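Colleague: I grabbed these lines from Swiss-Prot:
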ACT_SITE  GLU243  active site
ACT_SITE  CYS277  active site
BINDING   GLY220, SER221, ALA222, ASN223, THR224, GLY225  NAD(+) binding site
Amino acid sequence: MTLWINGDWVTGQGALRVKRNPVSGEVLWQGNDADAAQVGQACRAARAAFPRWARLSFGDRQVRVERFAGLLESNKAELTAIIARETGKPRWEAATEVTAMINKIAISIKAYHVRTGEQRSEMPDGAASLRHRPHGVLAVFGPYNFPGHLPNGHIVPALLAGNTIIFKPSELTPWSGEAVMRLWQQAGLPPGVLNLVQGGRATGQALSALEDLDGLLFTGSANTGYQLHRQLSGQPEKILALEMGGNNPLIIDEVADIDAAVHLTIQSAFVTAGQRCTCARRLFLKSGTQGDAFLARMVAVSQRLTPGTWDDEPQPFIGGLISEQAAQQVVTAWQELEAMGGRTLLAPRLLQAGTSLLTPGIIEMTGVTGVPDEEVFGPLLRVWRYDNFDEAIRMANNTRFGLSCGLVSPEREKFDQLLLGARAGIVNWNKPLTGAASTAPFGGIGASGNHRPSAWYAADYCAWPMASLESDSLTLPATLNPGLDFSDEVVR
């Protein structure tokens with residue numbers, strides 16, 4: 001039984017799904033998808049649970065959420081192993097994901113009060129008050145690259161605000177989704193407040209098509225995000241939050257320490273085997289001898305990155321991709337770029353057939369026209385050379401996406417210029433593109449999102465504002481508007 005609906009574990013009535021370790025092929029999890037009827041059942045359970053959950057005090061909801069944080073802490077080793085084995089990422093990185101989940105709780109509680117708490121302003125004849133109210137039943141679609149942390153970034157603030165939820169993990173990480181759900185069960189959430197439905201496209205379409213849904217919170221590919229946007233068009237009553245990745249630029253200008261710049265670039269492009277939505281996909285490198293030296297060093301260090309299994313010792317920097325198919329898609333993308341005229345500096349290699357262990361790739365595309373503006377979700381970095389900084393900014397902005405952008409330079413003036421010219425929701429200076437803080441908003445513009453950033457701003461899309469003018473008494477104004485007559489004279 002792998003679905004959690006209305007406080008009970010039930011067996012899915014849809015197709016059988018089997019999840020294997022992407023490197024070893026070991027079967028980790030199997031269960032049946034939720035069919036459309038079970039998705040509807042989960043929605044009805046969430047709707048029935050909503051009034052009571054929403055009417056609890058914030059403190060009562062906070063107690064349950066903080067109990068979940070404690071369970072994450074006490075089960076950290078077990079959840080780390082599940083995430084690492086299912087995604088293929090190394091143990092160290094899965095552990096940082098669980099830590100981020102724990103830290104998200106306190107941050108979300110603080111953000112609720114700062115972003116969507118209550119305010120009162122005194123007026124001469126009363127007061128103006130601001131309160132926030134939950135939307136109702138929300139669907140949360142989770143991604144596979146951070147199957148614990150990223151859904152957590154929607155679920156926690158949504159529950160704190162008083163919403164009830166139907167959670168669909170990625171079909172590529174059902175085990176992680178179930179493991180997290182079992183911790184929520186132990187935290188003592190009332191039946192129906194949080195429901196789990198497993199499945200792929202059919203389950204997702206059934207969930208997003210529900211009429212009795214108040215909103216949908218999504219993290220994933222641009223293609224799926226656009227499909228959801230089209231599906232919910234003409235339904236302004238439903239809140240829709242989309243985080244859809246990017247084709248992110250990193251600009252390398254003058255550098256004092258080449259190794260430090262190479263380290264930042266590797267952290268930006270290849271961490272999580274290139275499977276972060278903020279990963280650098282396009283590297284813009286200043287022409288000249290220093291740029292040449294940087295590129296040579298970047299290739300030399302990158303070719304030492306050998307992917308390993310989740311439990312290898314010593315631990316590798318990167319593990320496998322989510323699947324062999326995902327790894328092959330990166331290889332295919334590199335081959336297509338090479339066929340267009342790209343100059344391969346480091347060829348990506350599948351270490352072993354039948355696995356997802358893929359070494360990083362670097363290809364220079366300077367002077368090549370018609371390069372697709374698409375996110376290649378893996379360890380493949382494309383390089384362009386530029387002559388002046390204005391040109392670098394123009395090249396960086398030459399994308400329909402707008403998630404993250406970064407600059408390596410000792411000059412604050414150039415960063416200020418980039419801040420004015422960049423079209424991205426995250427713009428970093430001498431920090432990896434993959435670096436982000438939950439105490440700041442996380443999201444992009446263009447094809448990277450729909451102006452509903454998460455992290456610190458997640459509270460904004462989890463509740464709607466209610467403004468009130470209030471007075472504890474009613475008296476006739478001393479001065480009346482023209483044309484109003486409240487005298488005792490009888491009009492004849």
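Placed from the backbone N, Cα and C atoms, the Cβ positions cover glycine too.
These figures come from a predicted structure and were not determined experimentally.
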Colleague: Whole-number answer please: how many Å between the C-alpha atoms of SER221 (NAD(+) binding site) and CYS277 (active site)?
Modeller: 9
Colleague: Do you know offhand how many angstrom separate GLY220 (NAD(+) binding site) and GLU243 (active site) by C-alpha?
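Modeller: GLY220 (NAD(+) binding site) to GLU243 (active site), Cα-Cα distance: 6 Å.
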Colleague: Do you know offhand how many angstrom separate ALA222 (NAD(+) binding site) and GLU243 (active site) by C-alpha?
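Modeller: That comes out at 8 Å between the alpha carbons.
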Colleague: Let me check the 10 A CB neighbour count of ASN223 (NAD(+) binding site). How many other CB atoms are there?
Modeller: 12
Colleague: Sort GLY225 (NAD(+) binding site) into helix, strand or coil using the DSSP assignment.
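Modeller: GLY225 (NAD(+) binding site) sits in a helix per DSSP.
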Colleague: Nearest to CYS277 (active site) in three-dimensional space, by Cα, is which of the recorded positions ASN223, THR224, GLU243?
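Modeller: With Cα distances computed to CYS277 (active site), the winner among ASN223, THR224, GLU243 is GLU243.
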Colleague: Compute the C-alpha separation of ASN223 (NAD(+) binding site) from GLU243 (active site), stating it in Å without decimals.
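Modeller: Between the Cα atoms of ASN223 (NAD(+) binding site) and GLU243 (active site), the distance comes to 11 Å.
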Colleague: Could you check the binding-site residues SER221, THR224 and say which one's CB has the most other CB atoms within 10 Å?
Modeller: THR224
Colleague: Rounded to a whole angstrom, what is the C-alpha distance between GLU243 (active site) and GLY225 (NAD(+) binding site)?
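Modeller: GLU243 (active site) to GLY225 (NAD(+) binding site), Cα-Cα distance: 8 Å.
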Colleague: Sorted by position, what residues of the same chain at least six away from GLY225 (NAD(+) binding site) have a C-beta under 8 A from it?
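Modeller: Residues satisfying the criterion: PHE218, LEU242, GLU243, MET244, GLY449, ASN450.
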Colleague: When a 10 Å sphere is centred on the Cβ of ALA222 (NAD(+) binding site), how many other Cβ atoms does it contain?
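Modeller: A 10 Å sphere around the Cβ of ALA222 (NAD(+) binding site) contains 21 other Cβ atoms.
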Colleague: Taking 8 Å from the centroid of the Cβ atoms of GLY220, SER221, ALA222, ASN223, THR224, GLY225 as the cut-off, which other residues in that chain fall inside it around the NAD(+) site?
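Modeller: So the extra residues in range turn out to be PHE218, TYR226, GLN227, MET244, GLY245.
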Colleague: Fewest other CB within 10 angstroms, which one of the recorded positions GLY220, GLU243, CYS277?
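Modeller: It is GLY220 that, of the recorded positions GLY220, GLU243, CYS277, has the fewest other Cβ atoms within 10 Å.
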